[in-house]
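Colleague: I have a structure I would like to understand better, so I am pasting it below and will then ask my questions one at a time.
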Amino acid sequence: MFVVSAPSGAGKTSLCRELIDSIPDLRQSISFTTRNIRDGEQDGVDYFFTQTDSFQRMIAEQLLAEYAEVHGNYYGTSLETLNTAEAEGVDLLLDIDCQGAAQLKKNYRRGVFIFILPPDFAELKKRLYNRGTDHEDVIQRRLENAEQELLQAPWYDYLVINDDFQSAKKKLMAIITAERCRMSRTTYLLNNFTVKGDK
Ligand code: 5GP
């Protein structure tokens, strides 16, 4: 489980898309959300778009591995998403906020937690304005949230600065490759060398 968090405007969504396209056996986790569907988004592809009462039922029935309220809407990852990936032997890439990441960190010690940032606050502000997709009040709220999210950064395992897209992508790929080679995740491969009489 690779968990990626970043303030809005850090380039996280594009980087995650690139990783999914470039790395075998890595699957994007599709979250549930109560926010409205945006132009160009598809239900079941970008998110599972859900009514608030359905989402609250999922919370009550403990069907979520984590959830949080972000920018005024609920977002969450279902336990089924994690279980299916595990059963199928693929790694999951989760693009989720710090509150949800903290819940997973507490409950799933085997997760790898990565924080992405632009080089500095001025650049973050510039990227949010240049996107041209949000109103001034939304941008202000996202900047305030970013300050809060920064306080969470130190407990993540890795920090990737997205000053240049290709170099940030390379760093993320290196992290995933290295984590997949950890002895704690690969000891089962040693069994290939224990067949007697095969010397
Ligand atoms: P957006 O509405 O722009 O797609 O996403 C807003 C924020 O919600 C992003 O920071 C994204 O990482 C976060 N988010 C998306 N899915 C989930 C989820 O399943 N759980 C949590 N905790 N946050 C999520």
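Going from the start of the chain as shown, residues are counted 1 onward.
Using N, Cα and C of the backbone, Cβ positions are placed for all residues, glycine too.
The domain 'Guanylate kinase-like' feature in TrEMBL is assigned to 1-177. The feature ATP binding site is assigned by TrEMBL to ALA6, PRO7, SER8, GLY9, ALA10, GLY11, LYS12, THR13.
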Colleague: Are there residues of the same chain, six or more positions away from ALA10 (ATP binding site), whose CB falls under 8 angstroms from its CB, and which are they?
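Modeller: Sequence-distant Cβ neighbours: ILE116, LEU117, PRO118, LEU124, ARG127, ASN162.
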Colleague: Which state, by DSSP, holds SER8 (ATP binding site): helix, strand or coil?
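Modeller: SER8 (ATP binding site) sits in coil per DSSP, no helix or strand.
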Colleague: Around the ATP site formed by ALA6, PRO7, SER8, GLY9, ALA10, GLY11, LYS12, THR13, which additional residues qualify by having Cβ within 8 Å of the site's Cβ center?
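Modeller: Filtered neighbour residues, in order: ILE116, PRO118, ARG127, ASN162.
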Colleague: Within 10 Å of the Cβ of PRO7 (ATP binding site), how many other Cβ atoms are there?
Modeller: 25
Colleague: Most Cβ neighbours within 10 Å: which of the binding-site residues SER8, THR13 is it?
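Modeller: Checking each of SER8, THR13, the winner is SER8.
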Colleague: Tell me which residues of the chain lie with their Cβ under 8 angstroms from that of GLY9 (ATP binding site), as long as they are six or more apart in sequence?
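Modeller: In sequence order, the residues whose Cβ lies under 8 Å from that of GLY9 (ATP binding site) (at least 6 apart) are PRO118, LEU124, LYS125, ARG127, LEU128, ARG131, ARG142, ALA146.
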Colleague: For the binding-site residues ALA6, LYS12, which Cβ has the most other Cβ atoms within 10 Å, all shown protein chains included?
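Modeller: Result for the most crowded candidate: ALA6.
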Colleague: Going by DSSP, give the three-state secondary structure for THR13 (ATP binding site).
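Modeller: In three-state terms, THR13 (ATP binding site) counts as helix.
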